[in-house]
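Visitor: The domain 'ABC transporter' annotation in Swiss-Prot covers 13-243, and the record cites sequence analysis as its basis. Positions annotated as ATP binding site by Swiss-Prot, on the basis of sequence analysis: Gly45, Pro46, Asn47, Gly48, Ala49, Gly50, Lys51, Ser52.
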Amino acid sequence: MDSPSGSLSPVAIDLAGVSKSYGGKIVVNDLSFTIAAGECFGLLGPNGAGKSTITRMILGMTSPSVGKITVLGAQEPGQVRLARAKIGIVSQFDNLDLEFTVRENLLVYGRYFRMSTREIETVIPSLLEFARLESKANTRVADLSGGMKRRLTLARALINDPQLLILDEPTTGLDPHARHLIWERLRSLLARGKTILLTTHIMEEAERLCDRLCVLEAGRKIAEGRPHALIEEQIGCPVIEIYGGDPQELSLLIRPNARRLEISGETLFCYTPDPEQVRAQLRAYSNLRLLERPPNLEDVFLRLTGREMEK
């Protein structure tokens with residue numbers, strides 16, 4: 001695919017003091033963040049955290065109750081048409097025409113942007129190559145695998161060469177192979193200068209793709225930063241997951257060697273700079289299963305909210 005045409009504003013999206021209420025209930029609460037052109041910025045949080053409402057406001061589909069939103073230099077929602085022409089959208093659900101072929105889906109979608117058939121036909125080969133669907137151009141969408149449909153949805157969003165891509169849970173429901181292929185395609189777009197706003201509840205996805213992210217809970221921002229910086233700041237040591245015993249009893253035993261302990265269900269999470277010492281303390285408990293691993297964004301979310309991310 002061609003590189004993005006035209007110069008980009010150094011700021012792709014800016015939210016300043018944005019709140020949104022429905023029927024007296026606050027669903028987004030005093031939210032501010034800035035997304036630089038060319039970066040991948042993640043909105044990370046469980047269902048109900050406000051991610052969908054935030055993207056709807058960015059797209060001008062609903063107005064903030066309080067605050068200001070600027071997208072690609074256009075203030076939403078008043079100048080929404082100026083911005084929408086430069087935005088590609090990949091929703092959580094494919095919304096493809098199942099009875100049309102892959103090529104026909106691209107042709108129909110291009111016309112929404114008032115592209116001529118000739119213009120669309122010119123870009124279709126590069127879009128098929130990008131999506132690795134060259135051999136499926138004349139295949140009905142109904143006959144594609146789930147991963148192929150997601151790649152087609154992504155390719156379709158690129159038909160007007162947008163400056164900004166908004167991706168809503170782009171790999172939910174995909175198997176690991178299909179998920180990794182989508183991630184590889186998204187990294188190639190970032191290498192070409194596209195800006196991506198990614199909403200996800202998949203921690204690994206956010207950690208692999210995002211330059212920066214905003215962690216949300218109940219419409220509030222509870223953390224913002226680079227994934228690995230957040231992990232180091234909030235956790236900063238190895239993690240041992242302990243299964244099979246009484247978490248309360250085990251906590252008392254290993255607390256002297258733990259930087260922090262968290263209990264989630266029947267699992268005890270031990271954050272410790274000295275994993276070997278903790279293992280030694282637990283050797284007498286033959287029924288335990290221990291998993292030692294590096295810290296990740298799931299730990300950050302648990303640390304900040306006291307609960308695991310809802311799947």
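Each residue, glycine too, has its Cβ placed from N, Cα and C.
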Visitor: Please identify which of Gly45, Pro46, Gly48 has the densest Cβ environment, defined as other Cβ atoms within 10 Å, among these binding-site residues.
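Guide: That would be Gly45, with the highest Cβ count within 10 Å.
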Visitor: Through the lens of DSSP with three states only, how would you label Ser52 (ATP binding site)?
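Guide: Looking at the DSSP assignment, Ser52 (ATP binding site) belongs to a helix.
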Visitor: If you count other CB atoms within 10 A of each CB, which of Gly50, Ser52 wins among these binding-site residues?
Guide: Gly50
Visitor: At a 10 Å cut-off from the C-beta of Ala49 (ATP binding site), count the other C-beta atoms across all protein chains.
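Guide: So the number of other Cβ atoms within 10 Å of Ala49 (ATP binding site) is 25.
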Visitor: Any idea which of the binding-site residues Asn47, Lys51 has the thinnest Cβ neighbourhood at 10 Å?
Guide: Asn47
Visitor: Beyond the listed site residues Gly45, Pro46, Asn47, Gly48, Ala49, Gly50, Lys51, Ser52, identify every same-chain residue whose Cβ lies within 8 Å of the center of their Cβ atoms for the ATP site.
Guide: His201, Leu216
